[in-house]
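Down below is the structure, laid out as structure tokens.
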Amino acid sequence: MEASFGPTFSSSAAKAESSTTYKQHRRTPSSSSTLTYSPRDDDDGMPPIGTPRRSDSAISIRSLHSESNMSLRSTFSLHEEEEDAEPQVFAEPPSVKLCCQLCCSVFKDPVITTCLTLARACLLPDKCPVDAAKLTVVVNNIAVAEQIGELFIHCKYGCRVASGSPGAYEVDPLGCPFTIKLSCRKEHEANCDYRPVRCPNNPSCPPLLTMNLEAHLKECEHIKCPHSKYGCTFIGNQDTYETHLEVCKFEGLKEFLQQTDDRFHEMQLALSQKDQDIAFLRSMLGKLSEKLDQLEKNLELKFDMLDENQSKLSEDLMEFRRDASMLNDELSHINARLNMGILGSYDPQQIFKCKGTFVGHQGPVWCLCVYSTGDLLFSGSSDKTIKVWDTCTTYKCQKTLEGHDGIVLALCIQGNKLYSGSADCTIIVWDIQTLQKVNTIRAHDNPVCTLVSSHNMLFSGSLKAIKVWDIVGTELKLKKELTGLNHWVRALVASQNHLYSGSYQTIKVYVFFLFAAHNLSIVASVNLIHIVWDIESKEQVRTLTGHVGTVYALAVISTPDQTKVFSASYDRSLRVWSMDNMICTQTLLRHQGSVTALAVSRGRLFSGAVDSTVKDVWTCSSLRSKHS
């Protein structure tokens, strides 16, 4: 709302009443019956007092009892120790424009606000009582304040409490007869002859008026010797006082006593100065202590940073040594193969390179899944989202799928449906065409770690359990639960009529439709080893060594001429293995964290890692993806 500056007041009219600000008027005897004012509506078009108007912008919030220069106090400060309200008996009823529309009192410190003015001569309300708009002071209304200062009132020492009207005042015919301008009130009342005073000699003397004080002092019987503070006990009237001074033993020592007082006063000043110096020194000591504490904290922080940097350097050195050891082992392995004559010829088409990086997740990437029909890549992360990447044209994130309340741990595609498993123990079904969520299933009592589909069935792995679901449209119907596993089911592979599950040191093989577990095959749990098995005989064929950390994921790319196996590890590397001679042909070090997930499509390999990125590793187009 815009500021409303209220009606226009003519200060010249008020000034015309008197040529001087300090002019006083003696009231006539007929004025003795004047009571506290009642505002009169003497202006045309003025609404009743009870109706607030936006044109009135003077709001009373404090007393206008100022000095002759009419200095206005702060419009917002209301001191608790403010003096009690003084009586105001106006010589003539003030204009209604100078009165509050709520309490009908003359404004005190009038101001202009951003809203309708109202109201009270005591406090500024927080909100307008008409439209509840917030009130904000714009500026002091000096024009109205000057007009109010020109109003004539009776001296407060010429007023008394009206009989039968508590809180109201009337003119006291025995009091001060003067009427003065409101702006000059303080000056007059400070020197008014009718101002009550106390006898300076003895508070027990009866109350006096200022005009009677001089006569009282001449007759007062309680005048003390000026040397009473030194021990003189004289008390008398004016006549005996003068006689006493002639014989007072302290009068002769007056100069000495005065010098003693002066010296004592100087000592007090010096002591006060010393106290101030001590306080200053204590303040400086406190500041120095604070600076010392801050320096100690900064020093401790720097030591902590130094320790942290030293620890980081130690970790980097250990990592460097580990990488160097891995490279030495690989070189030794290659040399041994060369000496055995089984490495084979170099084929530049077998070199895999990193084509690009997909960046967007806010946490580690735990799973990947490829929808080859639409060249889409799905990635699940600790940030509870699934991102959909275009791997053919724009290479950008097409959409972020949100719906899980926990880390996304597993992804699987069946037909045109995407299935996601999460630490929130649910499986969500997504329509790939619309990229919308179509169903949510409470699948397990624990996080869903892995998903795989085959024969129109979905298999989900969790803690010591595998559940088999029939896929019916967007619904999942629980068909069977496989138990008896020894730990978390970390991996599931469906191939032909068999389901393979991987958990701690164990691979179990299930036959579709029977779901009967074959004999257990024990897998070594050493980080550096992954083992090649013969599916038909269930026998171990070869142990492949090279990684220096846990192997998290495997993927296969196959052509009629060759088969490549990719392994992802905690050591941040990807290794390429040739299944022709069971050796590592390439090590890829492009991630800044552990490599946790792999996916293949049309001869391309995608890797996800704890560094929150997905890498696109590619080779020649003649290679094709082999589903495993």
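Heads up, the Cβ atoms here are built off N, Cα and C, so glycines get one too.
Heads up, TrEMBL stuff is auto-annotated, nobody curated it.
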_Among ranges 208-242, 278-312, 383-417, 593-627, whichever one TrEMBL labels coiled coil_ = 278-312
*asked:* How about the repeat 'WD' (401-440) with the repeat 'WD' (358-390) - do they touch, taking at least 3 C-beta pairs under 8 Å (6 or more apart in sequence) as contact?
replied: yes
*the repeat 'WD' (358-390): which same-chain residues, six or more beyond its ends, come within Cβ distance under 8 Å?*
396-402, 404-413, 418, 420, 422, 430, 432, 435, 593, 596-602, 606-616, 625
*Short question: which residues 6 or more past the ends of the coiled coil (278-312) have a Cβ under 8 Å from it?*
none
*Counts by DSSP class (helix H/G/I, strand E/B, coil) across the repeat 'WD' (358-390)*: 3 helix, 21 strand, 9 coil
